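For reference, the structure discussed in these notes is given below.
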Amino acid sequence: MPNPSCTSSPGPLPEEIRNLLADVETFVADTLKGENLSKKAKEKRESLIKKIKDVKSVYLQEFQDKGDAEDGDEYDDPFAGPADTISLASERYDKDDDGPSDGNQFPPIAAQDLPFVIKAGYLEKRRKDHSFLGFEWQKRWCALSKTVFYYYGSDKDKQQKGEFAIDGYDVRMNNTLRKDGKKDCCFEICAPDKRIYQFTAASPKDAEEWVQQLKFILQDLGSDVIPEDDEERGELYDDVDHPAAVSSPQRSQPIDDEIYEELPEEEEDTASVKMDEQGKGSRDSVHHTSGDKSTDYANFYQGLWDCTGALSDELSFKRGDVIYILSKEYNRYGWWVGEMKGAIGLVPKAYLMEMYDI
């Protein structure tokens, strides 16, 4: 190996070697960072990191020149300054150039301790300053917790590499970020006068799921009601949300009035009880008006967060549990009637999200 103390580059470094070096360092310094390694594996990891730094010290000038050529105006570098030492470059790499761009500060939190995680998974995040080592994308474990987007080196990290509040942002697919086979897996989160966050998912479907989840929360932040509620889908659930309208036609039929008017006084109470039973039966029938469960995808929901029922008629469920909605007759109170694993009870609609995008 060339002498690490050498300050000049012995020759141009092939692009294939640059890419290989970038991938190896990402894996060794970042991916393995959150893994539970044996003592021998940790020593080997540290040795590889040192060797990579030695190689970079030899080709430092070339990396710097390459970075200047690739640096564009699309991103601002908050860590601008002299990069004449490996320690400074390493520090920038370790921090993932992920300082908050809008001045917001969030306390450190372990990935496993995030509350109310709506969606999480591994994504490739585009570096804000991707000149260092000449590569752009880094694998990150990302999580949408309430209205804050966190990203970590892995799902075992004790502290996030960065985060930002999504309020005020917009999200969209963008197939112009890459030219390889993953171009249809890219999306970006952007806002005027704010930093652009760009990601690559494992598949186009996964990218679309991230976009839909983010849009759901952003739409909720911009309104006083939960998106996809009754105003948007009222025609589908009119017969469910207004049970009185279901039973009222039975009471208004002339033949019913004639029958009960002719009953003797002592039998009116019995007739009234029968009417109440009929009304109750009509309301109960609402639970089964949605159709065949095997194809009724619109009424399948999943838990956004853990929920423990306070009363015996309330269902308890965990985040991700599948719940089939039988009725929305208590929608005005924020409750629906759901079924999970054979149990039926009330569920708070704010704790649910649609399972299928129809």
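Every residue, even glycine, has its Cβ placed from backbone N, Cα and C.
Since we're looking at a predicted model, the values are computed, not measured.
Record note: of TYR59, TYR122, TYR151, Swiss-Prot gives the feature phosphotyrosine to TYR151, with no matching annotation on the rest. Within the set TYR93, TYR260, TYR297, Swiss-Prot records phosphotyrosine at TYR260. Screening TYR75, TYR237 against Swiss-Prot annotations picks out TYR75 (annotated as phosphotyrosine).
Taken through DSSP, the domain 'PH' (116-219) splits into 22 helix, 41 strand, 41 coil. DSSP labels the residues of the domain 'SH3' (296-357) in these numbers: 9 helix, 28 strand, 25 coil. For the region 'Homodimerization' (14-64), residue counts in helix, strand and coil come to 45 helix, 0 strand, 6 coil, using DSSP.
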